[in-house]
Amino acid sequence: ASPRHAGPPDGGWGWMIVAGCFLVTICTRAVTRCISIFFVEFQAYFGQDYARTAWIHSIVDCATMLCAPLGSLISNHVSCQVGIMLGGLLASTGLILSSFATSLEHLYLSLGVLTGLGFALCYSPAIAMVGKYFNKRKALAYGIAMSGSGIGTFILAPVVQLLIEQFSWRGALLILGGFVLNLCVCGALMRPIALKEDRKTAPEFLAQDYVPEAQKRDLKRMSICSPLIKVWSHECLCYCSWKEYDFLLMPGFMVLAVSVLFMAYGCSPLFVYLVPYALSVGVSHHQAAFLMSILGVIDIIGNITFGWLTDRRCLKKHRHFCYLFAVGMDGLCCLFLPVLRNFPLLVPFSFTFGYFDGAYVTLIPVVTADVVGTSSLSSALGVVYFLHAIPYLVSPPVAGWLVDTTGSYTASFLLCGFSMIFSSTLLCFARLAKKIKRTHLRSLTNDTGTKQHIWTNGAIAYSVTAELDQKDVEFLAVDTNSYSNR
């Protein structure tokens, strides 16, 4: 049975959840990044251009994000442990089958679709579990958990290059397939937890005054025999679906979703083309792989330091601005990349881009939780990572087409940079508009005279009395920011 808590325990078994999520990010995001090291091998072996070869990495990323809501669904209605273990088996199978590939189309299906689907079943449920176990130290917990992507890249990039040299790309994929089976171990660590706010969202039709006592006993007996029976009942499914995704109508989430689309478009091609770009300007294979390692290890520092800093009292209220600052800095790095044409100049680029990449990746689930609340975090993360799917699918082939057409990487990197800067600017203007609106509301209530009441859920209500046509009209204005963080 799941342990019951009034709120997130902020420790205890939660640190094992962080360790499990850390391993999940190594086995999913780090392995996905290291696929770029296979790019030159695939291109040489199959004799294809940049655009067609880039579809492999695009499909992996797209399938991972596109199927993220499926991972959340299995986690919510079956078990997070079952979902992650199943995902580990699928991802491992996809990598093993890829080692026998005879065409790019084969790799599209095995390495792209099957492995990406397996990663999807693991990634968003593991991240959501961290949010359920932590509140006060949430950003730090996410920083540690998400640093697995950087540590994994730092370790796996040179290891994968060595495996390719020793066993060819087929042997390297086979070994990675065995490594990814560790996702099954991560799934076993994900002990479920029941929070007080989760119990508040139970369907009303299961309440005492709605269902007869005899029928409730029957439902209880049926749930013991088959937990899925009541899940798939029509009324329960409709109710749960609405309650799980009602955050989609929140204006704050809509703006975040649009900004994520542009951010995802800008960040994906860099991980695909950093190694080929470095090779094109005369950097050796080992130095190019070392650039990915640098990016990965600095990614770790960005994960942990930004997680720790945004948990401080002075920055906790400004997490959105820390997030958009990190995204904007990565965009600027992409704009300067075309003029960096040797190894000594590419090293500081890897430091800077890696640091801010780790920073905003850590803050994505934190900012999402601030917008929708902890009870909807799993479903919201599924949607946020789902929104990464189309940009991840389209951006590397578009960048490859630009390289094939123009003969250089300049246009591709400039497009990535402007996309990420636009994402940051959009979110900045939205936050400023919300702040101005809130300030205007408070000044209006102060002018008309208010009485402030604090509700039990933490929201602030203002009872405002004004004269209108010689009648006293009382209305209620609710602080939407406090209410959205309920």
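These residue numbers are counts, starting from 1, taken along the chain as shown.
Heads up, the Cβ atoms here are built off N, Cα and C, so glycines get one too.
Positions annotated as domain 'Major facilitator superfamily (MFS) profile' by TrEMBL: 13-435.
Long-range contacts of the transmembrane segment (12-31) within its own chain (CB-CB distance under 8 A, at least 6 residues past either end) are made by residues 3, 64, 84, 88, 91, 119, 122-123, 126-127, 129-130, 133-134, 141, 144-153, 155-156, 176, 179-180, 182-183, 185-187, 189-191, 296. What TrEMBL lists as transmembrane segment is 12-31 (among others).
If you look at the transmembrane segment (82-101), the same-chain residues 6 or more away from its ends with a CB under 8 A from one of its CBs are 24, 27-28, 71, 74-75, 107, 110-111, 113-122, 125-126, 170-171, 173-174, 176-178, 180-184, 186-188, 190. According to TrEMBL, the transmembrane segment annotation covers 82-101 (among others).
TrEMBL lists 107-128 (among others) with the feature transmembrane segment.
Under the heading transmembrane segment, TrEMBL lists 140-164 (among others). Sequence-distant contacts of the transmembrane segment (140-164) (same chain, at least 6 residues past either end, Cβ-Cβ under 8 Å): 14, 18, 21-27, 29-31, 33-34, 37-38, 41, 126-127, 130-131, 133-134, 171-172, 175-176, 285-286, 289-290, 292-308, 311, 354, 358, 361-363, 365-366.
The annotation transmembrane segment is assigned in TrEMBL to 170-190 (among others).
Sequence annotations record features per position, and here TrEMBL assigns transmembrane segment to 253-276 (among others). Listed by sequence, the residues of this chain that lie at least six past the ends of the transmembrane segment (253-276) yet keep a Cβ under 8 A from its Cβ atoms are 33, 36-37, 39-40, 50, 54, 57-58, 61, 65, 247, 288-289, 291-292, 295, 324, 327, 330-331, 334, 337, 350, 353, 357, 360, 364, 367-368, 371-372, 380, 383-384, 387-388, 390-392, 394-396, 398-400, 403, 409, 412-413, 415-420, 422-424, 426-427, 430.
Look at TrEMBL and you will find 288-309 (among others) tagged as transmembrane segment. Here the transmembrane segment (288-309) has Cβ contacts under 8 Å with residues 30, 33-34, 36-37, 139-144, 146-147, 149-158, 160-161, 274-275, 278-279, 315, 322, 326, 343, 346-347, 350-351, 353-359, 361-363, 366 of the same chain, all six or more residues outside its ends.
Residues or ranges marked as transmembrane segment by TrEMBL: 321-340 (among others).
Within the chain carrying the transmembrane segment (346-368), a Cβ under 8 angstroms from the stretch's Cβ atoms is held by residues 127-128, 130-131, 138-139, 142-143, 146-147, 149-150, 256, 260, 263, 267, 270, 274, 278, 283, 291-292, 294-303, 305-307, 310, 319-320, 322-323, 326-327, 329-330, 333-334, 336-337, 340, 377, 380-381, 384, all 6 or more beyond its ends. Residues annotated as transmembrane segment in TrEMBL: 346-368 (among others).
Residues or ranges marked as transmembrane segment in TrEMBL: 380-403 (among others). Residues 49-55, 57-59, 61-66, 68-73, 120, 123-124, 127-128, 245, 247-248, 253, 256-257, 260-262, 264-266, 268-269, 272-273, 364-365, 368-369, 371-372, 409, 411-412, 415-416 of the same chain, all 6+ positions outside the transmembrane segment (380-403), place their C-beta atoms under 8 angstroms from a C-beta of that stretch.
As annotated by TrEMBL, transmembrane segment applies to 409-433 (among others).
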Which sequence positions outside the transmembrane segment (170-190), separated from its termini by at least 6 residues, show Cβ-Cβ distances below 8 Å to it?
16-17, 19-21, 23-24, 27-28, 31, 34, 38, 80-85, 87-89, 91-96, 98-101, 111, 115, 118, 122, 125-126, 129, 160, 163-164
Cβ contacts under 8 Å made by the transmembrane segment (321-340) with residues that lie 6+ beyond its boundaries
259, 263, 266-267, 270, 277, 302, 306, 309-310, 315, 346, 349, 352-353, 356-357, 359-360, 363-364, 367, 408-410, 413-414, 416-421, 423-425, 427-428, 431
